Amino acid sequence: MNKENLELYFVAGPQDFPGLSIADAEKRIAMIIASGVTTYQFRDKGTQYDSVEQRLTLAKRLQLLAKRYRVAFVVDDDVDLALALSADGLHVGQDDQAVETLASRLPANMWLGLSASTPSEIRAATHPRIDYLGVGPVLPTQSKRDAKAPTGTAGLRDLYANRQRDLPIVAIGGITLATIPEIKAAGAAGVAVISLLTQSKEPSSTVQAMKERWHAGS
Ligand code: TZP
Ligand code: MG
């Protein structure tokens with residue numbers, strides 16, 4: 001994994017397009033993947049699929065598209081899906097399978113991302129198999145019902161300082177175009193967003209603007 005892969009990290013599943021069919025949500029996700037993000041995370045929470053195959057087909061089609069646009073494809077939570085698709089990465093939370101267990105299941109080249117939102121979780125993230133940390137919510141978010149209290153950018157700085165290894169941090173939660181520079185300045189290797197892109201009327205301009213904000217002053 002290159003650190004650059006984490007810069008513009010798009011997270012979404014059909015649940016992030018309320019009222020749209022799975023097919024229409026796929027089109028919207030596809031358009032965003034094709035717009036210049038660097039990583040796409042397939043995060044599927046409680047979608048009502050017609051069949052198991054429908055979910056697998058959706059994931060496969062998005063992975064294929066991601067490959068075409070050289071966007072890394074990461075699966076959230078679902079180890080079996082990540083393995084079945086030979087995804088570029090797997091992302092897990094604190095309550096998912098333990099990193100120690102995953103370490104023996106994942107191929108060496110599959111990235112492993114771990115969510116962490118408190119100093120103690122950051123300090124505990126020492127396992128050599130972890131490739132990056134997802135940290136947040138940094139700012140208030142509408143996209144995750146059970147999200148913890150936001151850390152703020154000052155909190156992000158503090159979490160960054162608590163790392164035990166030189167692990168890249170991807171910040172998530174309520175990130176807007178305006179807040180990208182301060183999040184980068186707090187040490188983040190990238191910004192992960194849902195609503196900034198899923199709710200954008202013109203996602204490709206928004207991705208472009210994210211890129212400009214990210215690279216401004218660097
Ligand atoms: N984890 C922490 S906050 C969050 C997740 C998945 C949601 C981020 O969504 P948004 O719309 O970018 O605030
Ligand atoms: Mg999870």
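For all residues, glycine too, the Cβ spot is worked out from N, Cα and C.
Predicted automatically and left uncurated, TrEMBL annotations should be read as such.
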Of the candidates ASP76, ASP77, ASP78, ASP88, which does TrEMBL annotate as part of the 4-amino-2-methyl-5-(diphosphooxymethyl)pyrimidine site that also includes GLN41, PHE42, ARG43, ASP44, LYS45, SER115, LYS144?
-> ASP76
Take the Cβ of LYS45 (4-amino-2-methyl-5-(diphosphooxymethyl)pyrimidine binding site) and count every other Cβ within 10 Å, whichever protein chain it belongs to.
-> 13
Could you pull the average pLDDT for the domain 'Thiamine phosphate synthase/TenI' (8-195)?
-> 97
Cβ under 6 Å from ligand 1: which of the binding-site residues LYS45, ASP77, ASP96 qualify?
-> none
Please state whether DSSP places SER115 (4-amino-2-methyl-5-(diphosphooxymethyl)pyrimidine binding site) in a helix, a strand or coil.
-> strand
Per DSSP (three-state), ASP96 (Mg(2+) binding site) is coil
Listed binding-site residues: GLN41, ASP44, ASP77, ASP96, SER115, LYS144. Which have a CB under 6 angstroms from an atom of ligand 2?
-> ASP77, ASP96
